[in-house]
Amino acid sequence: MTTDSYPKKYDIVIVGAGPVGILLSLCMSRWGYKVKHIDNRPVPTATGRADGIQPRSTEILRNLGLKRKIMAYDPAKVYDVSFWDPRPDGSGIMRTGNWPSCPRFIDTRYPFTTLVHQGKIETVFLDEIKKAGTTVERPWTIIGFKNDGLDATYPVQVQLKCLDTNVVETVRAKYLFSGEGARSFVREQLGIQIRHKDPISYVWGVMDGVVRTDFPDIQTKCTIHSDAGSIMVIPREDDMVRLYVQIASSSDPDFNPRKTATAEEVQNVAKKILKPYYIEWDRVEWYSVYPIGQGISEKYTLDERVFMGGDACHTHSPKAGQGMNTAFHDALNMAWKLHAVESGLAQRSILSTYETERKNIAETLLDFDNKYAALFSKRRPNAGEVGEAATAETGRSAEEDPFVKTFKDSCEFTSGYGVAYLPNIFNWDPSHPAKSPLFDVPGINLVTGKAFTPSTVTRLADSNFVHLEQEIPANGAFRIFIFAGRQSRSKKAIADFAANLEKERSFLSAYRRSDIGEISFFERHNPHSKLFTLCLIYAEKKNDIDMDSIPQILRDYRYHIYSDDIPDVRVPNATYAAHEKLGFDPEKGGVVVTRPDSHIACTVQLAEGSGTVDALNAYFGSFSTKPLGQEQASRL
């Protein structure tokens, strides 16, 4: 049975409602796009699957307005990781080390891993997706697609089938996105191969349940090696614990990738591994056995109309807890770039950066996955190294101990804050051949391609202490943070900056809102353009800032004018902590552009004259659909 011959048209069809699909669906739905979202499961995830939210992902969830709802489930929070190994006398296991899962050298407000099962996370997303006007249709699957170009605006034809009724629906879309998981129909139809980086594969038994035990670290993340085997312990919400038990490895003489084990067999293995401690199960909520091989898709897209993300592109072991987190980052990267193109800001060619950025991160993830396994199974750190690594500051010594360096790099990467996109059209580092000498602020502590550093400031509109990196929600807009330094020193530079923003072909004027005449007085983030939000931060005490001397175009962002007057323990001697932590001279200031995903795009010196806005025009003009930088006056 098929539907009528006039196919409905969508901006995007999303297949799969796992982590990558739901975050992409939420962003696209909230940002005004028509989304067709299907999943082949009759109901959302009830138990099991991914459960670890890393610190940077928590930051993203807060930026999406979801963190509070997820925390309402009272999830377990892992601040510490313990390592257990065999006792020398063979009498069982002993703790050989423990350290923070997110050490102090990582600047985050969330120095912990949040653990709650995927079904609850999905529920939060699905509720918000529905509020934004999209419903995930179940149980539907994809049975065919082609980019036939018969409709220039909606070039992708997609065939979908309801698994309950066998109804087949044909739709047209601008884009098709596969978030189907490791067994992706879309990837298979495109003929894209998974390249296995590591020939070693594993079979794991995974069990969620409520246990009784005298093992002292049951509420802590643990990696346990014993003469009877290896286990990973992950605390969960509602008094549950997740146990990962390695059942088989391809290094075993009789390795069978289809090897299985019953829940009772895995429990018996766990009991042997944990000796001299006992463990008993009150109940088992979920149990599964699955093979793990490290693989990465050779391509994420062939035509920049049909894309893939999440497990459809990369698979790895559960040790580092990265699957869902990497999927979230894939989705956000995809979402803001599609929005940049479809909103008319960016040329279509920028979509190629989705694959180059995210595939590079997946490659790095698999490399770290290998290091993680080697680090904890082949070499035991001594107590001195553990303490040194956990307290070390970044960049301390060029001759760091290999273990300390690997530990730091691993923690930073797995936290999400080690993700660094390489230089490209969006990420301008000092190697970029930009003509303006104002790019790159001397002494800046921000790294292009990495997430914006947290800082706390006072919002002048209501005197609230706020987290600057969270002040602009994930709305698809670029963020321009103007660190204005001392007001008396920067007054002319700010006046010139504002005057040049007013020009007709400034980035702000060229993409001003079509409804700017009707815009609400209460519009917080986008009074001029839906594609940019400006923030102004002065190195002054709150009551010393003269609002009347701030140009009107910047005063329009009245909810985004701040005083840098809150101390920061990371720069205890700083008078103006946000400026100084980020590396700005409090007298001179500077400008930071972050992408809609909060990664650093570029930094620019704040100078008198047109130079600062000229530099920003050059940056945005490198990918914009309109010429930027002409000299006519604007009506903003």
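Heads up, the Cβ atoms here are built off N, Cα and C, so glycines get one too.
Annotation comment: Swiss-Prot describes 11-40, 242-244, Tyr290, Asp311 as FAD binding site, evidence class similarity to another entry. Look at Swiss-Prot and you will find 12-33 tagged as transmembrane segment, backed by sequence analysis. Residues annotated as N-linked glycosylation site in Swiss-Prot, with sequence analysis given as evidence: Asn573.
For Arg242 (FAD binding site), applying a Cβ distance below 8 Å and a minimum sequence separation of six or more within one chain yields Asp51, Leu115, Val206, Met207, Asp208, Val233, Ile234, Pro235, Arg236. Between Trp31 (FAD binding site) and the residue listed as 'N-linked glycosylation site', the C-alpha separation comes to 42 Å. Cα of Gly21 (FAD binding site) to Cα of Asn573 (N-linked glycosylation site): a span of 45 Å.
Geometry remark: Lys36 (FAD binding site) versus the residue listed as 'N-linked glycosylation site', CA distance 53 Å. Annotation note: Asp11 (FAD binding site) sits in a strand segment as assigned by DSSP. When the Cα atoms are compared, the residue listed as 'N-linked glycosylation site' and Gly16 (FAD binding site) turn out to be 50 Å apart. Put plainly, the recorded positions Asp11, Gly16, Leu26, Trp31, Asn573 were compared by Cβ crowding within 10 Å, and the winner is Gly16.
The number of other Cβ atoms within 10 Å of the Cβ belonging to Gly21 (FAD binding site), over all protein chains shown, comes to 29.
In this structure, Asn573 (N-linked glycosylation site) belongs to neither helix nor strand by DSSP; it is coil. For Lys36 (FAD binding site), the Cβ neighbour count at a 10 Å cut-off comes to 24, with all displayed protein chains included.
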